[in-house]
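A.B. asks: Provided herewith is a single structure, encoded as structure tokens, for subsequent inquiry.
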Amino acid sequence: MMSLKRHNFLRRILVGFGFRDRKKVGALMGSVVEEIRNGGGHSVVDVESKAGFGGGIEDVYGEDCATEDQVLTPWTASVASGYTLLRDPHYNKGLAFTEKERDAHYLRGLLPPAVLTQELQEKKLMQNLRQYEVPLHRYIAMMDLQERNEGLFYKLLIDNVEELLPVVYTPTVGEACQKYGSIFRHPQGLYISLKEKGKILEVLKNWPERGIQVIVVTDGERILGLGDLGCQGMGIPVGKLSLYTALGGVPPSACLPITIDVGTNNEKLLNDEFYIGLKQRRATGQEYAELLEEFMTAVKQNYGEKVLVQFEDFANHNAFELLSKYSKTHLVFNDDIQGTASVVLAGLIASLKLLGGTLGDHTFLFLGAGEAGTGIAELIALEISKKTGAPLEEARKKIWLVDSKGLIVKSRLGSLQHFKQPWAHDHEPIKQLVDAVKAIKPTVLIGTSGVGKQFTKDVVETMASLNEKPLILALSNPTSQAECTAEEAYTWTKGRAIFGSGSPFDPVEYENKLLVPGQANNAYIFPGFGLGLIMAGAIRVHDDMLLAASEALAMQVSEKHYAKGLIYPPFTNIRKISANIAAKVAAKVYELGLASNLPRPKDLVKYAESCMYSPRYRSYR
């Protein structure tokens, strides 16, 4: 017999699940007691199906008879059938379930009878995607696939990376973030807002995966070149982490996208009734710092010392401060500052075969002195210092920056932000970019301004008059914000320019010669860089690891690429490129004594390849 105490406990549970009818509660308890007496082992209470209201199944959950204001407990019971399997993106294979699997996992009748291979599914989906004329529609279709069938999503992305990279990331992700509230369907990461202050550790524990290795986090204040998009910036962490998996092989279950919502100063969003974030102005100062401190503490407490936190699209003032503060205590990386710097440096190292000389022989002029501009400049100076043995301060003198007020010079030192001050050199003030080009005579012109069309015809023609092969990098994203187009650069330099951009441009035919622009895409660096840190069990990021990543990427540019004017390798071999970058980064981690995964593998490239996630379907018992 069941004790009175257990009897009452079971009654309270059933009432809590919404069972209000005494007869139903009594009947259910009777069936449970009978099951216990008979030694039954079912994990779910078996309820006899009876005709209920309107001829349907009896309302055993108490939902139909509940009033609208009555509180119900949302609960689910897993039954040994394949229905839930088809809705689990980690394991769903769609029509690729074999006949044997359909029998073993109760899928009969839940799928049409045809059995397709993963390759045939991929072919069909690519045909469907190519029918969409609007890039945003392709983006939505890809996100739907990711939520439905994870393996097929990554197979599609890996096998068609050059075609789909602009769809899942820049430039299309910019438009997706602008319209994220409208296209929002299912949450794809964690949203941590000011409402969660004091409870962030609990929020992190709500995420179902425990073995997190990489977190990409944004506060949405400076999304690409589009400005403050608040909570809608979630598209950036989601996109970046899909590339960590597709290009770097980090398992999707080990990736966590996070948006920290502290409000927005975007009036359009604040007045939008469909905006999905906090409708208040951005928190700043101590309130902001306390929330970030709680977040970083909770991340380490929940996931350990070796979880990589990648800061993404924070505004300049916060980006530099967060990187400086937490690089001493956490494994942190800022892709806008460090990732951009590493990929641009790789392009510069590779371009030396076309330009001639060493890095220290060239003069660099930047338009833009924010996170990307100063980050790239610093890494170039570090590389020059390393190669020449010159002091870092001396190496910096080869690099000049122009911001919104003109050339950064010593006479402006008192009004400059701290991250611009190292680049204030002796020179008279110059307001216009074209005048700075004439005065400084750079061999390399780099745009990180976030403002389109700044490399005018006068600017580019001046570069061409000073250099036989001017190197012009228009790095601002998305495409609409690029300082100039590939066609403009080639046309205005009469086909002599070596051109690279942040977003992709199509090849340009000039005087019967096909010129292929390079893309200085951070996706070359951060997936392999992150994989290298994970492989070695790194506990901190060091600048030498970034230099190692740049040199590894530059080594992947072959003679046939140089013949086309390329300074970056094609994305078609990106997993091989990422494995080589990961190996070089991991080697540097071991060399610096910052590795915790010991002993060191003998062949780091092979080890990197063995660590990579495979999207191919697995067979189920």
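Note: Cβ is positioned from N, Cα and C throughout, glycine not excepted.
Found this in TrEMBL, in case it helps:
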- Y169: active site, proton donor (ACT_SITE)
- K240: active site, proton acceptor (ACT_SITE)
- R222, N477, N521: (S)-malate binding site (BINDING)
- E312, D313, D336: divalent metal cation binding site (BINDING)
- 146-327: domain 'Malic enzyme N-terminal' (DOMAIN)
- 337-590: domain 'Malic enzyme NAD-binding' (DOMAIN)
A.B. asks: What recorded positions among Y169, E312, D313, D336, N521 are found with a C-alpha within 10 angstroms of that of K240 (active site, proton acceptor)?
C.D. replies: Y169, E312
A.B. asks: Note down the number of other Cβ atoms within 10 Å of the Cβ of K240 (active site, proton acceptor), including every protein chain shown.
C.D. replies: 27
A.B. asks: Just checking, which of E312, D313, D336 (binding-site residues) has the fewest C-beta atoms within 10 Å of its C-beta?
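C.D. replies: Checked E312, D313, D336; of these binding-site residues, fewest Cβ neighbours within 10 Å: D336.
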A.B. asks: If the divalent metal cation site is taken as the center of the Cβ atoms of E312, D313, D336, which further residues of that chain fall within 8 Å of it by their Cβ?
C.D. replies: T218, R222, I223, I236, F311, F314, A319, N334, D335, E371
A.B. asks: Same-chain residues six or more away whose CB lies under 8 A from the CB of R222 ((S)-malate binding site)?
C.D. replies: D228, D313, F314, A315, N316, A319
A.B. asks: Restricting to the same chain and to sequence separations of six or more, state which residues have a Cβ under 8 Å from that of the residue listed as 'active site, proton donor'.
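C.D. replies: The residue listed as 'active site, proton donor' has long-range Cβ partners G239, K240, S242, L243, A523.
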A.B. asks: With every protein chain in view, how many other Cβ atoms are within 10 Å of the Cβ of N477 ((S)-malate binding site)?
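C.D. replies: So the Cβ neighbour count for N477 ((S)-malate binding site) comes to 25.
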A.B. asks: Give me the largest Cα to Cα distance among R222, N477, N521, the residues the record lists as binding (S)-malate, in Å as a whole number.
C.D. replies: 18
A.B. asks: Once the chains shown are all counted, how many other Cβ atoms turn up within 10 Å of the Cβ of N521 ((S)-malate binding site)?
C.D. replies: 26
A.B. asks: Expressed to the nearest Å, what is the distance separating D336 (divalent metal cation binding site) and N477 ((S)-malate binding site) at their Cα atoms?
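C.D. replies: N477 ((S)-malate binding site) has its Cα 11 Å from the Cα of D336 (divalent metal cation binding site).
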A.B. asks: Using Cα coordinates, what distance in whole Å links N521 ((S)-malate binding site) and E312 (divalent metal cation binding site)?
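C.D. replies: About 15 Å separate the Cα atoms of these two residues.
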A.B. asks: How many Å lie between the Cα of N477 ((S)-malate binding site) and the Cα of E312 (divalent metal cation binding site)?
C.D. replies: 14
